[in-house]
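Here is the structure we will look at, set down as structure tokens.
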Amino acid sequence: MQANGGGQGQNPELSCLNNAQNGESSSAGAAHSNGLISSDNNGSAVSTNNGVAVGTTPGSAAAPAATVSGSDVGSATKKKKRLSQSEEDVIRLIGQHLRGLGLNQTVDLLMQESGCRLEHAAATKFRNHVMEGEWDKAESDLNELKALMHSPTAIVRMKFLLLQQKYLEYLEDGKVLEALQVLRGELTPLKYNTERIHVLSGYLMCSHPEDLRGKAEWEGKGSGSRCRLLDKLQTYLPPSVMLPPRRLQTLLRQAVEMQRDRCLYHNTKLDSSLDSVSLLLDHACSRKQFPCYTQQILTEHCNEVWFCKFSNDGTKLATGSKDTTVIIWLVDPDTHQLNLLRTLEGHAYGVSYLAWSPDDTYLIACGPDDCSELWLWNIQTGELRTKMSQSHEDSLTSVAWNPDGKRFVTGGQRGQFYQCDLDGNLLDSWEGVRVQCLWCLGDGRTVLASDTHQRIRGYNFEDLTDRNIVQEDHPIMSFTVSDSGRLALLNVATQGVHLWDLQDRVLVRKYQGVTQGFYTIHSCFGGHNEDFIASGSEDHKVYIWHKRSELPIAELTGHTRTVNCVSWNPALPGLMASASDDGTVRVWGPAPFLDIDVEGLNENSCCTMDS
């Protein structure tokens with residue numbers, strides 16, 4: 001920072017002007033901002049405010065009221081603070097934004113009054129030449145800008161971008177010879193991005209401007225394409241010379257996104273446009289908008305409910321029970337109430353696991369440890385397509401669909417691990433793997449299987465290779481994988497819920513609060529962008545965490561026995577279901593009336609009323 005008064009060592013091209021910053025008097029009696037006192041040519045003091053004189057000429061009746069001593073002038077001058085770097089930055093950001101709105105006179109006044117410069121004079125000249133399409137002058141400006149840049153080699157890239165625009169505009173105007181000269185005589189000698197030059201040369205064959213714009217993915221000659229060119233060029237210039245494009249909007253958008261990311265209960269898609277939010281208030285989501293409240297209790301099962309799973313499109317919920325039935329529920333798109341669609345019967349051992357096909361046409365039901373059968377149902381017709389059993393000694397307790405929807409893998413703790421088609425025909429098998437839970441990754445080749453060795457391994461049925469991915473110190477009772485395939489959520493016996501990064505093969509987080517013994521409890525990812533995690537618990541509660549926080553943000557009460565499974569609707573982030581040994585399925589959603597305070601809800605936890 002420069003000292004007041006002298007201004008020695010100041011770069012006049014980059015910093016604020018001395019007179020306005022330091023409060024020096026004007027020899028011509030020019031008006032000064034911020035109510036400073038200036039002296040006119042006759043020696044009378046004139047008080048000015050934002051450039052408007054409020055004093056009178058000497059000799060007038062009111063003159064004594066506006067006249068102050070020289071010491072007062074010096075005192076006022078000393079009180080004038082020079083702008084800090086951050087204050088200068090803010091003024092420049094505001095100026096850039098106002099200029100983008102077309103308020104050029106306001107920008108000129110702001111810069112004049114503050115003594116700041118919006119951008120370097122060379123940058124302004126360069127901008128004008130680019131927008132006017134004066135390419136030779138713009139190219140000449142680069143020589144002046146080169147001395148101001150941290151990376152002089154960037155000049156070549158900037159020159160390439162300029163010449164590319166010049167070349168395309170010549171082609172659009174039908175000036176093929178001039179375009180060819182630019183290509184051969186100016187672009188090629190740069191010896192930069194030869195692959196792009198080959199592409200550009202192909203545009204010479206375009207017969208119509210529309211053909212050129214389509215192949216080049218270019219909007220054509222004019223202010224639009226030149227503005228986009230400037231945006232690219234600005235990335236090579238220091239911000240002290242030329243501000244990055246729409247910098248104020250970028251900072252505001254980042255602030256809004258940061259507040260959203262820090263909001264523990266944010267569960268809706270946020271429009272990236274600043275027009276969709278208020279900049280006058282901090283972002284904050286109410287817990288009452290979060291699925292913490294019992295919206296519906298489904299009591300059609302007559303025994304323990306072991307599993308629940310929403311369909312991939314979110315329109316249906318499947319629940320499996322010890323009572324040997326699977327019930328399919330239809331989600332009302334308007335009220336989000338669940339209505340019974342059909343009941344699938346005949347699962348002699350009960351239903352402990354369910355898996356929807358990728359297109360939601362089929363549903364596979366598995367039983368508990370002593371079940372050697374699985375059922376493949378056509379949900380659209382309600383008909384049983386396949387009842388599969390390879391051997392009465394098998395234990396088929398888990399299943400996972402291949403992403404192609406034409407195959408699935410299944411297995412159990414007795415050492416069976418099969419890949420089958422939709423008719424139950426055995427395609428491949430892997431011997432000696434005692435499977436606890438299965439998942440097919442999106443590559444269509446890798447199957448993840450947790451086994452009795454407290455680990456998750458990846459199996460490739462195509463090349464018959466396997467590898468260790470996750471190793472825990474306690475039994476993995478169940479696991480699920482995020483939509484991206486990057487994260488895995490494990491329910492670990494006596495430990496609770498663990499989050500693993502499958503790519504880096506590291507434990508990311510251990511979530512606290514849940515009671516997990518040796519019962520099989522199924523947790524899930526959910527909410528907008530899968531930002532949340534939910535799990536049942538042996539203490540009869542449903543726990544919800546934000547993915548980045550180890551402490552629960554919600555503890556949902558209402559069930560009276562162990563909560564075996566939780567499923568979050570993938571299409572409706574405000575809808576969740578939980579299945580319990582108490583024989584009920586609870587459907588959770590936002591508070592029915594957002595202005596009603598629910599008893600038991602405080603700053604640290606989010607609980608429903610006990611229904």
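Keep in mind that glycine also has a Cβ here, set from the backbone N, Cα and C atoms.
Annotation comment: TrEMBL describes 10-28 (among others) as compositional bias 'Polar residues'.
As annotated by TrEMBL, compositional bias 'Polar residues' applies to 35-51 (among others).
According to TrEMBL, the compositional bias 'Low complexity' annotation covers 52-71.
The domain 'CTLH' annotation in TrEMBL covers 119-178.
Under the heading region 'Disordered', TrEMBL lists 1-82.
The feature repeat 'WD' is assigned by TrEMBL to 298-329 (among others). The average pLDDT for the repeat 'WD' (298-329) in the predicted structure is 97.
Same-chain neighbours of the repeat 'WD' (344-375): 303, 306-309, 311-313, 315-316, 318-328, 382, 384-401, 403-405, 408, 410, 412-413, 422, 520, counting only residues six or more beyond its ends whose CB sits under 8 Å from a CB of the stretch. What TrEMBL records for 344-375 (among others) is repeat 'WD'.
TrEMBL lists 556-588 (among others) with the feature repeat 'WD'.
Counting only same-chain residues 6+ beyond the ends of the repeat 'WD' (556-588), those with a CB under 8 A from a CB of the stretch are 267-268, 289-299, 301-310, 312-315, 317, 319, 321, 331, 336, 338, 519-528, 532, 534-538, 540-544, 600, 606-611. For the domain 'CTLH' (119-178), residue counts in helix, strand and coil come to 45 helix, 0 strand, 15 coil, using DSSP. Counting residues per DSSP class in helix, strand and coil order gives 0 helix, 12 strand, 20 coil for the repeat 'WD' (344-375). When the repeat 'WD' (298-329) is classified with DSSP, helix, strand and coil residues number 0 helix, 17 strand, 15 coil.
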